[in-house]
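Here is the structure we will look at, set down as structure tokens.
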């Protein structure tokens, strides 16, 4: 059980066995740090008005400051809790943070007293808001700073990191044990039944956005009269102070005059003790010096392992660059147990970022030469700015020696090919497959036509299509992607992609284009519908190539023969037929015959219909003037479907 939870439980139940004292409140439920205060445990009041709740030198202790009289929170025992609010300024000075940590809590409790209760009743009628800090138990981890709400239970109902929200919604973290004064506002609204907690440095005004909110009626949990105050649990090296406090049980609280707050005392004695320990350590000679030298050499070798060479031109890509050390820790040293998958270009590892605990996927690839590295990283940085619901977000990269690491959002369901081929007990139904096709089409259309530049993916296949927890598809792995401006052809490069998805013109010229992506997408549509790979051994030679097999079955009048046997007859024949025919059109060997992705989406959505003589077009071996040769024009298509088919390029003079 964490210290914050222990502290909250302790503060909620330290009054457990006593009875409520129904004495009158001389302030009428409103006060600003007046003299009606009661202290208990390790707590005292300094002459300047500063309350110190923890002042232990040898072992951890507990202190309490509370308002001496019970305050009325209800008009009757069975009534509803009225609106109330409080604000206070506290400071925690920790000379040395420990894993055990320390903390402070504001409490509303039925009794006063600092008692230890071994058996906790879950109906103690108490409310507590706690602030806890502790040193991380990881070498490179961030210190813990938490705020939590506990209402009448042994578990925290709500908690979050300590800090405050700016007006633009950005969270600014606060170190609770920095020794600097921090102001807290706790407000309960009777109308909305909402409890808000806000905290901030006293150097700024109260933020408009609460840090922590919880909507819950407190009436069942509070008596008519309750005590309010603070409890503190600390380590031997921490001191907790309450500098100012204001409360109102009838609505909005009066602000504290910050100019009159007492100063937090310097912990010179504790710092002096630390300095003496350091001086003694430095005076040790001989064996200690040898040990230090050995440790220094070991540390140097460890740092050398994570050493990265950053060239001047990489500075512009800084926001997209991860350190190798972070990725090494995230993937547990790139262990095989963390491998999500692997292909011809490298392995993909699952990782957890050490600071944020965000799950990521890291693809490790080898870049064959330094030539073109700068241009490659420029494209990676550009793609990293893409934001689309059907694209896996590229978070950044890391470069170390001859290796590149691409960092993506983690997709919990993994890649599509696992569901198609490696998970016989989890079969994708037709509705899921059709939605996946539409998701990928939407993402690819965004890359080709809707962004400021044209992005050619160059490696569309099921292994690069990832699924989230709701089985929504996202196109990922931009390791081979190329960019070019709209209206300008991409440059010739090495042939990249996966066998079976590479278009004929790409293998001849080495020049990728949007139409080569459309070709791969067409093969993908056939693959997900038929449940088999583009090229593979089948019963007869005519079935070896997927596109040829589907076309032959269409020619013979039984195109539904190719549907994945695992689907049985649980599919919409009209949708399946559309996908198969559209897949053949997209994978046509003539680049100019293939539709653009915007047209593909129109066909899939039913906005446009395929031409009635599409089989002749797909079977055509000689195309002189595109659809006009077959008596099909964009005008005639527009007349029948109200949408014209947009082709990817001008027609070539050869066909399938």
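Placed from the backbone N, Cα and C atoms, the Cβ positions cover glycine too.
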Which candidate, of 159, 642, Swiss-Prot gives the annotation N-linked glycosylation site: 159
From the candidates 107, 190, the one which Swiss-Prot records as N-linked glycosylation site: 190
Annotated stretch (transmembrane segment, per Swiss-Prot) among the listed ranges 235-255, 256-276, 277-297: 277-297
Among 78, 189, residue that the record in Swiss-Prot marks as N-linked glycosylation site: 78
Predicted model, mean pLDDT over the topological domain 'Extracellular' (24-276): 80
Chain-internal residues near residue 257 (N-linked glycosylation site), provided their CB is under 8 angstroms and they sit 6+ positions away: 244
Local Cβ density at residue 159 (N-linked glycosylation site) - other Cβ atoms counted within 10 Å: 18
Integer Cα-Cα distance in angstrom, residue 159 (N-linked glycosylation site) to residue 78 (N-linked glycosylation site): 29
Neighbourhood of residue 190 (N-linked glycosylation site), C-beta criterion under 8 angstroms, separation at least six: 80, 81, 82, 83
Rounded to the nearest Å - Cα separation of residue 124 (N-linked glycosylation site) and residue 78 (N-linked glycosylation site): 16
Site of maximum Cβ density within 10 Å, from glycosylation sites 78, 124: 124
